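Since the structure comes first, as structure tokens, the remarks are kept for the end.
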Amino acid sequence: MTAGDRSEVAERGGKPVDLDTILVDEVGQFGAYQITTLLLAALPVIFSAFASGEYIFTTARVPSRCFIPQCDTTTPEYAPSWILNAVPGTSVTNFDNCARYVNSSVQAAIEAQCPSEWFDRSRTESCQGYVYENTLSVVYDFDMACEEWRRSLIGTIRTVGTLLVLPVTGYVSDRWGRRVALTLNAFNTGWIGLVRSFVNSYEWFLALEVLESTVGAGAYSSCYILVTELVGPGYRVIAGATMSTMFALGQVFLGLIAWGVPSWRPLTQVIYAPQLLVVTYFWILSESVRWLMSKGKFKEAEEILKKVAKRNRRELSDKSLEALRNRAECEKLTPPLAEAWLPLQVLRSPVILSRCLVAPVWWITNTLVYYGMSINAVNLSGNRYLNYVSVAAVEIPGYWTAILLLDRVGRKPVLVVAYTFCAACQFIFAFLPEDASSGASLAVYLLGKYSIAVVMTSVYVYTAELFPTRHRHSLFAFASMVGRLGSIMAPLTPALAQEVWEPFPSVLFGSFALASAALILTTPETLGTTLPDTMADAENLATGR
């Protein structure tokens, strides 16, 4: 059969037959089979949230003070009654963590324990050893008391791995399938995380952090693609928002687990060991029908579609399957159109070039603010575990607010308002008076996180709609990959707050959010427009043609 013959057979009643057509008309867009797959995928997504956030607790700050040889016993107390005699401070709960008074010339024995006469209160010096308030974090194991940048580097190096994982997982997913990418990433995350829980070296801990994220952090994207490729076009945004919701729930569970198991080694083992079970998904989950068809594995794809139809209690005709197979074969036989190298096409189009320059700024803002607020949540006043849980949980209404508004008021209004509101919350939080209640500051913080969650969902949809079909994935991936710079910077913000200026992270987040709101105004509204197929179509979005 020639390509022309196949093209004729690939139509049903004059209507082209593709997978979306079959999902809508025959097997069901979002039936029992897709719901089951979504629920199964929720577990690896929750585990991904565990892996992405555990370092916030395992590398958390531990209050410390200088070890005072002439005063401390072999089992020193962190805040003894005499501490202000030896260490600068205002009270036994507020003293310097990294300096002590220099020893005075007084050598005679004095009845009082560790008297002030033993110290020259006009001079201070750095600690030679440390006493820690607790042993819950790697800060104690690796003796990082006053090395804030060394501690923050752990989170940064992990996010570098999440940048490296994108091309690795993309290759595995496109070469061997979404199911293989999912199980391989989850298994790698599990075993490397468990190994890391036993190390006694900062260097090995750092190396395993970046290795784990490089070969294991792609589980979420694999689940996302597997689920969205199986549901019909009318449910893809909802399926994507559900995946984001599961990730947020994973963060909530992480905060609660860390509260119950605060010591870093047991905590790491508790959250990573179950991830090894995801390897069974290779036999439990079905492969993506779209991927199978793209690889010419039509028999396997047809078997899965029949299974979907049966589970959804729908009928799938042999004629539709034949038309779908012939369409796929016809597309494989059709030679691609010759065109210029994509970067050259972008450079020749000022409109597309402008979008390629501003879209990455939105993504940098998203990841910087989103991850930065999660990381800094544990440093807020009050219970750090409940703060983290609250900041994670408030994302969920943010995701669904975006879904509710995007198709009603438009992409640009939602994004501009959400970015501006986020910026306002950041600046208000940064300059709240010191006597403001912890409840008021937490409320402002939560509103800021809610607004960036609205942005996260909206910007996925909006960025994809600005670029032409033929190059949409490449240009979208470019913006997303550059955006990872924000997640790399985010773990450094607690150190900036401690070393530079306490409100600095919030001011930084607010400034980026304001800049992004302004940049959104330079791009066109896409609500109600047809997805552009060519560069010319994408350029014409700006004129409404």
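Each residue, glycine too, has its Cβ placed from N, Cα and C.
These features come from TrEMBL:
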TRANSMEM  30-51  transmembrane segment
DOMAIN    82-528  domain 'Major facilitator superfamily (MFS) profile'
TRANSMEM  239-261  transmembrane segment
TRANSMEM  267-285  transmembrane segment
TRANSMEM  352-373  transmembrane segment
TRANSMEM  385-406  transmembrane segment
TRANSMEM  413-432  transmembrane segment
TRANSMEM  444-463  transmembrane segment
TRANSMEM  475-497  transmembrane segment
TRANSMEM  503-521  transmembrane segment
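Summarising model confidence by region, the domain 'Major facilitator superfamily (MFS) profile' (82-528) averages a pLDDT of 89. If you look at the transmembrane segment (503-521), the same-chain residues 6 or more away from its ends with a CB under 8 A from one of its CBs are 358, 361-362, 364-365, 368-369, 372-373, 376, 412, 415-416, 419-420, 422-427, 429-431, 448, 452, 486, 493-494, 496-497. Remark: the transmembrane segment (352-373) makes no contact with the transmembrane segment (30-51), by the rule of 3 or more CB pairs under 8 A.
A contact between the transmembrane segment (267-285) and the transmembrane segment (239-261) is present, since 3 or more of their C-beta pairs, 6 or more residues apart, lie under 8 Å.
Outside the transmembrane segment (385-406) by six or more residues, the chain places 53, 56, 237-238, 241, 244-245, 248-249, 251-252, 254-256, 258-259, 373-374, 377-378, 414, 418, 442, 445-446, 449-458, 461, 527 with a CB less than 8 A from a CB of the stretch.
For the transmembrane segment (239-261), the list of distant contacts is 30, 34, 38, 41-42, 45-50, 53-54, 57, 220, 223-224, 227-228, 231, 267, 270-271, 374, 383, 385-386, 388-389, 392-393, 395-396, 399-400, 402-403, 453, 456-457, 460: same-chain residues at least six beyond its ends, Cβ to Cβ under 8 Å.
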